[in-house]
Amino acid sequence: MQKPQLLVPVMATPNGTLVHPAYFLLVGIPGLGPNIHFWLAFPLCFMYAVATLGNLAIVLIIRVERRLHEPMYLFLAMLSTIDLVLSSVTMPKMASLFLTGIQEIGFNVCLAQMFLIHSLSAMESAVLLAMAFDRFVAICHPLRHASVLTGPTVAKIGLAALTRGFVFFFPLPFILKRLSYCRTHTVTHSFCLHQDIMKLSCTDTMVNVVYGLFIILSVMGVDSLFIGFSYILILKTVLELSSQGAALKAFNTCISHLCAVLVFYVPLIGLSVVHRLGGPTSLLHVIMANIYLLLPPVVNPMVYGAKTKEIRSRVLHMFSQGGK
């Protein structure tokens, strides 16, 4: 089958004619041959299965068990839903790339994937912040927890996270479409990210750079600062508890959330740093991006399943019923 023409003139502007590629080429992991890529597809499919089953199980358990309809578990259901969608946006396309070696991804499809990846990441960041606030109120102001985090309040927080992720990142595809692409059309990852597509343009990308830096600081940057501040207050309250057992019990309720925060933010910060340092995209960029996008959907269900007694007991009960 004949491939579409690579460069497509789009429209005439005062600065010249915009040129968009018909498709981009995804690299996968630079330096690895087709044979290694082929075998990497199998653990990737396994990771996708684990992420899908784990997150789906958490959502369904929280949906069915009415005693789990509390703020902490409702936020966890939101987190699992976001991870479920995020893994479905990235992993199947990666597995297809590794298995078949077909690198082409349509220009508009690439922009749509890019938007979903960034907006879902912003939603996950907002939910992690909401979970930190829930732990802060539960530990520092336990008597006010039920009155502060009511059902309608939790629903409004979830809607705010969804709206913010959509609104802040909705302009990204449009400011990428205003660029012309006349350099190489190879995206040096297994998926589409704003920074990589922007680097392929041969026109001025100052708007993209400024807006990209603005949203990463005002969304993930602000969220991480508030999460850190919440845990400083939590730690202060825990250390003031007279009973060591009560202090350990209080802080133990935060372990799962702390793991989720570290799994999300450490690779994100590392990826932002290596991108801001400039230079050509290296193997380090690719590894950090893969960890940032692929690890949380797989790890979060395991951590919450192991550390949350109610979810763990429900899963064990399901397996014991299935074995009879």
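Every residue gets a Cβ built from N, Cα and C, even glycine.
Positions annotated as domain 'G-protein coupled receptors family 1 profile' by TrEMBL: 54-304.
The transmembrane segment annotation in TrEMBL covers 36-61 (among others). Remote same-chain residues near the transmembrane segment (36-61) are listed as 28-29, 68, 76-77, 80-81, 83-84, 87-88, 91-92, 94-95, 97-99, 101, 294, 297-298, 300-302, 304-305, 311, 314-315 (criterion: CB distance under 8 Å, separation of at least six residues from the stretch ends).
Same-chain neighbours of the transmembrane segment (73-91): 44-45, 47-48, 51-52, 54-56, 58-59, 62-63, 113, 116-117, 120-121, 123-124, 127-128, 130-131, 134, 154, 157-158, 161, 190-191, 260, 293-294, 296-298, 300-301, 304, 308, 310, counting only residues six or more beyond its ends whose CB sits under 8 Å from a CB of the stretch. The transmembrane segment annotation in TrEMBL covers 73-91 (among others).
Residues or ranges marked as transmembrane segment in TrEMBL: 111-133 (among others). Long-range contacts of the transmembrane segment (111-133) within the same chain: residues 72, 75-76, 78-79, 82-83, 85-86, 89-90, 93, 105, 157-158, 160-162, 164-166, 168-170, 172-173, 176-177, 191-194, 197, 215, 219-220, 223-224, 226-227, 230-231, 257, 260-261, 264, 268, 293, 296, each at least 6 residues beyond the stretch ends and with a Cβ under 8 Å from a Cβ of the stretch.
Using a Cβ-Cβ cut-off under 8 Å and counting only residues 6 or more beyond its ends in the same chain, the transmembrane segment (154-176) has close neighbours at 71, 74-75, 78, 111-112, 114-115, 118-123, 126-127, 130, 194, 197-198, 201, 207-208, 211-212, 215, 218-219. Sequence annotations record features per position, and here TrEMBL assigns transmembrane segment to 154-176 (among others).
Taken from TrEMBL, the feature transmembrane segment covers 209-234 (among others).
Residues annotated as transmembrane segment in TrEMBL: 255-277 (among others). Cβ atoms under 8 Å from those of the transmembrane segment (255-277) belong to residues 79, 121, 124-125, 128, 131-132, 135, 195, 216, 220, 224, 227, 231, 284-285, 288-289, 291-292, 295-296, 299-300, 303-304, 307-308 of the same chain, restricted to positions at least 6 beyond its ends.
What TrEMBL lists as transmembrane segment is 283-304 (among others).
Same-chain residues lying 6+ beyond the ends of the transmembrane segment (283-304) with a Cβ under 8 Å from its Cβ atoms: 27, 29-31, 44, 47, 50-51, 54-55, 57-58, 76, 79-80, 83-84, 86-87, 90-91, 117, 121, 124, 188-191, 193, 256, 259-260, 263-264, 267-268, 270-271, 274-275, 311.
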